[in-house]
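Undergrad: In case it's useful when we look at the structure, here is the feature table from Swiss-Prot:
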| type | residues | note |
| --- | --- | --- |
| BINDING | H63, H92 | heme b binding site |
| DOMAIN | 2-146 | domain 'Globin' |
| MOD_RES | V1 | N-acetylvaline |
| MOD_RES | T12 | phosphothreonine |
| MOD_RES | S44 | phosphoserine |
| MOD_RES | K59 | N6-acetyllysine |
| MOD_RES | K82 | N6-acetyllysine |
| MOD_RES | C93 | S-nitrosocysteine |
| MOD_RES | K144 | N6-acetyllysine |
Amino acid sequence: VHLTAEEKAAVTALWGKVNVDEVGGEALGRLLVVYPWTQRFFDSFGDLSSPDAVMGNPKVKAHGKKVLNSFSEGLKNLDNLKGTFAKLSELHCDKLHVDPENFKLLGNVLVCVLAHHFGKEFTPQVQAAYQKVVAGVANALAHKYH
């Protein structure tokens with residue numbers, strides 16, 4: 001991902017304030033509520049029968065935290081996202097058969113959640129930088145797909 005020095009600074013400054021537990025669970029939960037067909041990859045998570053069930057599901061929260069911890073690794077390696085996410089790309093492609101479009105959806109949901117949490121601090125410039133990052137991460141995760 002090509003970011004200017006200002007964009008990198010904006011992304012890392014905001015990310016330093018992110019509560020990974022909270023934002024991760026909310027982002028994954030929103031993905032599952034807004035795009036219900038994504039739930040088929042999470043059969044083992046138990047009750048996903050309603051928005052309240054999804055948002056309160058401890059497995060959704062735990063996996064959301066895991067997802068954002070991986071995203072954090074990507075932020076430390078913006079110049080090598082494909083390398084950073086190579087194993088995860090392989091897992092999601094070969095074993096889990098996740099539609100790579102879902103990575104884009106989750107990235108966009110994450111941007112919405114960040115905007116919700118940070119309000120005025122999430123300026124259009126910060127959003128533009130994050131859109132570049134989530135697009136780069138989605139692209140890296142889709143890399144192993146044929």
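Positions of Cβ are set from backbone N, Cα and C atoms, glycine also.
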Undergrad: Kindly report the helix/strand/coil residue split of the domain 'Globin' (2-146) according to DSSP, in that order.
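TA: So the domain 'Globin' (2-146) is made up of 117 helix, 0 strand, 28 coil.
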Undergrad: Tell me, if you would, which residue among V1, C93 (modified residues) has the fewest other CB atoms within 10 Å in the structure shown?
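TA: Counting other Cβ atoms within 10 Å of each of the modified residues V1, C93 gives the minimum at C93.
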Undergrad: Between the residue listed as 'phosphothreonine' and S44 (phosphoserine), what C-alpha distance do you get in Å?
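TA: Pair distance, Cα basis, whole Å: 34 Å.
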Undergrad: A 10 Å Cβ contact count, applied to the modified residues T12, S44: which residue has the minimum?
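TA: Output over modified residues T12, S44: least Cβ neighbours within 10 Å is S44.
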Undergrad: Closest of the recorded positions to K82 (N6-acetyllysine), Cα to Cα, picking from V1, H63, C93?
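TA: With Cα distances computed to K82 (N6-acetyllysine), the winner among V1, H63, C93 is V1.
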Undergrad: Averaged over the whole of the domain 'Globin' (2-146), what is the pLDDT?
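TA: Mean per-residue confidence for the domain 'Globin' (2-146): 88 out of 100.
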Undergrad: Out of S44, K59, H63, C93, the recorded positions in the record, which is closest to the residue listed as 'N-acetylvaline' when you go by Cα distance?
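TA: With Cα distances computed to the residue listed as 'N-acetylvaline', the winner among S44, K59, H63, C93 is C93.
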